[in-house]
Amino acid sequence: MNPYILAILLFGLGLGTTITFASSHWLLAWMGLEMNTLAIIPLMAQHHHPRAVEATTKYFLTQAAAAATLLFASITNAWLTGQWEIQQITHPLPTTMITLALALKIGLAPLHAWLPEVLQGLDLTTGLILSTWQKLAPFALILQIQPSNSTTLIILGLASTLIGGWGGLNQTQLRKILAYSSIAHLGWMILVLQFSPSITLLALLTYLIMTSSTFLVFKLNKSTNINTLATSWAKAPALTALTPLILLSLGGLPPLTGFMPKWLILQELTKQGLAPTATLAALSALLSLYFYLRLSYAMTLTISPNSLLGTTPWRLPSTQLTYPLATSTAMTICLLPLTPTISALLTP
């Protein structure tokens, strides 16, 4: 792709998200979301592969449906209450419609079916943008309207954690596994949203770091399914040794970074008297942990000649920047163990 066009599209992505962040009016927020969608579509279809075009079409149709529902709900809200302010949304009907439209935008269960299919058709770089940056603008809106629809959010959150765990169990394609992982993580964030928005933001931040790290590892190894992971030791032995830690951090095992948000979310849910919800969420984390362990096993414990592949790939020098990968990997593994040390150093 022409670098000037790429720069314009990336600028459009950034501008769309920024407009949604800065808006207090529903029309402006909707406009930001539309800019976001239209800017990523050429990036998704840039390889002109039939699978990429199919994924782009599916993405466009779901996002357009979600945006239309959002616009309809905000107009309904203005008609019922005379308010266009995002913070002033009080009527239950438009609130529920907007929550469901935003859930469709980010891929929360039961409105998740498009996400694994779309992610599977994209290359890993665009998949990374879709799994991280594209979640920010709708999340900002969900955070602003959150106090008035508690049951809806808990149902969406629980469904997402369970479906995100179950859906990934029988997958062999890495991008589909990462899509279900994304659904499960977003479910955790939505569960605690109404009780503690700050924990939700912490969970979102750690999710962004861990997902970036995982996508960049797979991009460096050029891996798209579980079988190709088995030969990654020949390309980057040190990184292959660290990757299980990244995956287990995504699964939420202590003492890795991914444990921190899950721990705080379970604690907050228990404080709010939602012990059954917390128990179900914790059990669903075990489902997710299984497929992360499966990836770790495929990467590090099936080293040739025990693997069935037999063909070792060419060790061509990688053109990928390693700074983002190194930074995100270090944060994915060490952020939780280092937090007490950092806070002890910073407090006088």
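Using N, Cα and C of the backbone, Cβ positions are placed for all residues, glycine too.
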Exercise. Out of 2-22, 23-43, 233-253, which range is noted as transmembrane segment by TrEMBL?
Worked result: 233-253
Problem set entry | Same-chain residues at least 6 beyond the ends of the transmembrane segment (60-80) whose Cβ lies under 8 Å from its Cβ atoms | 26-27, 30, 33-34, 37, 41, 89, 91, 93-95, 97-98, 100-102, 104-105, 114, 118
Exercise. To the transmembrane segment (177-195), which of 92-115, 151-170, 201-221, 233-253, 273-293 is linked by the most Cβ pairs under 8 Å?
Worked result: 151-170
For this session: Tell me, roughly as an integer, the mean pLDDT over the domain 'NADH dehydrogenase subunit 2 C-terminal' (289-342).
Result: 79
